[in-house]
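One structure is given here, and the rest of the page talks about it.
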């Protein structure tokens with residue numbers, strides 16, 4: 001057995017340490033201050049306890065400033081919260097408490113569920129525990145000891161968790177003072193390193209193991225950050241997000257609603273449907289030159305989904321349907337008992353369209369697009385306005401091309417996606433390549449080729465953007481049928497939304513026997529590229545509403561102008577103004593009610609009308625208009641013709657304006 005361990009440091013230097021040396025020993029060998037600020041170590045990228053013995057490899061000392069420390073802070077905060085709860089309410093059982101995005105939660109078995117009023121008490125107790133600065137220490141227990149100890153404490157859920165751990169796997173028990181828990185780790189050095197930049201956010205109910213047949217537990221959500229400034233920024237972002245909640249704004253703007261009879265499907269009101277159709281019309285114009293729009297059936301026999309693999313891989317997310325008569329008359333032997341499925345994706349239908357008729361290599365690439373309504377089952381608790389629904393429209397396209405055309409097609413798709421996002425005002429975009437997962441179809445040679453091409457494409461995207469577009473790699477995150485690009489955009493308050501995707505597919509063309517005739521008159525399987533820009537049109541609309549806080553750009557707004565009169569003497573002129581704006585292509589309503597003008601302005605501001613034109617006796621005499629913008633107290637007076645021309649230009653979609661500008665430039 002080696003008497004020393006060889007460690008490579010970030011600066012490239014290599015040092016030897018005696019076998020059994022811990023991460024803390026290594027940190028202390030560098031400096032006392034580093035040892036004091038260290039919270040963990042990483043060996044070859046794997047995060048470990050500071051008290052763990054080091055092994056040969058590349059070592060990093062992790063401090064609170066390291067992004068990786070955030071998960072440790074949140075993990076430890078969850079343990080501190082669990083201890084606080086059991087100190088305050090003895091007899092409460094702890095179950096599981098993972099780190100989640102922006103925070104953590106812990107589920108408890110308690111006779112009476114927690115209320116929001118309990119949270120300040122728990123926070124106070126947590127601060128006491130943190131102030132004790134008890135060290136986290138790890139022990140390895142036998143399965144028998146763990147079950148015996150937890151059973152004696154009345155922790156039946158922990159006994160069940162112990163039983164679920166595979167035989168031969170270590171059972172780690174972490175102590176913080178007298179309190180302990182079953183946990184895989186790692187943890188920081190002590191409770192004091194959690195700090196005080198945390199907040200408990202809300203309480204909720206949750207079924208044990210997410211199964212509605214099991215007991216209902218009481219869940220507490222919390223958030224924790226490296227410092228108070230980060231916590232304050234996060235809480236400010238949440239407050240902003242609450243103001244911008246598309247569900248609230250959707251009601252105020254009269255765009256859509258949901259109801260019990262149709263969980264997860266949208267009831268579009270007139271104004272909401274107008275925005276939806278504006279988005280679809282915009283996307284149709286962007287696709288008109290390069291894509292052929294098609295429409296595949298929504299209901300198809302399960303045999304097709306068995307061939308595609310969805311019935312095996314994706315069945316739990318699908319809706320199965322059959323004749324209502326067959327369902328209500330199971331004993332009727334004459335009933336049609338075929339089982340169909342509502343399509344969860346458009347791709348199998350597009351393969352059928354590609355296969356219909358012989359295709360030559362000269363015809364490739366063939367680009368098929370569809371605004372396809374798809375249905376996917378989501379648990380009722382996961383549904384969230386337009387962001388998480390059961391029925392939605394995908395701006396889907398599938399490109400069938402040769403292997404040699406793959407790179408050019410991916411770049412062409414990238415240019416389109418970035419251009420669309422820019423038209424909606426999104427400037428900060430991240431493009432990441434997701435590579436092969438462990439479970440996948442296709443040979444390694446196919447994956448090697450596809451990943452090599454897409455890696456080169458990613459480099460080209462980064463180079464062409466001159467630093468504007470950030471790129472990255474997501475190892476093992478690809479789909480089972482091929483690598484993919486994921487496009488993430490950042491909104492006005494800093495939240496990130498993954499929207500667009502470009503996915504190479506080795507699976508469906510092979511499963512369905514799709515082919516084209518190549519230059520040697522041989523049958524050849526095409527490369528299939530899945531492409532979505534918005535992803536879900538409903539979700540993208542929800543993102544737009546929240547990004548703009550309901551203050552939609554004029555070209556997107558369902559109602560662009562309200563003409564409001566101060567006095568009935570100006571009504572005739574108000575009608576003339578409204579008609580002139582309509583003739584210029586704007587969506588206009590009039591408000592000639594016998595109400596004070598400030599009341600009218602407030603009312604239309606609540607519904608987020610972007611432009612209110614005020615007309616009184618003076619404006620009628622001078623043939624002018626008084627323009628008031630949403631969110632501004634300023635008023636601008638201008639001549640009617642000038643106002644119509646200016647607003648018509650502003651209401652012109654950006655792609656239409658570019659085309660007109662290019663035409664003018666060419667004519668000049």
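Including glycine, each Cβ sits where the backbone N, Cα and C put it.
Taken from Swiss-Prot, the feature domain 'TGS' covers 1-64, and the record attributes it to sequence analysis.
What Swiss-Prot records for 245-553 is region 'Catalytic'.
Per Swiss-Prot, Zn(2+) binding site is recorded for 347, 398, 530, and the stated evidence type is sequence analysis. Of all the Cβ atoms in the protein chains shown, 24 others lie within 10 Å of the Cβ of residue 530 (Zn(2+) binding site).
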Filtered by Cβ under 8 Å and at least 6 apart in sequence, the residues in the chain of residue 398 (Zn(2+) binding site) near it are 346, 347, 350, 351, 354, 367, 368, 528, 529, 530, 531
An 8 Å radius from the center of the 347, 398, 530 Cβ atoms defines the neighbourhood of the Zn(2+) site; name the other residues of that chain inside it, in order. 345, 346, 350, 351, 396, 397, 503, 505, 508, 528, 529, 531
Mean pLDDT over the region 'Catalytic' (245-553): what is the value? 93
Residue counts (helix, strand, coil, in that order) that DSSP gives for the domain 'TGS' (1-64): 14 helix, 28 strand, 22 coil
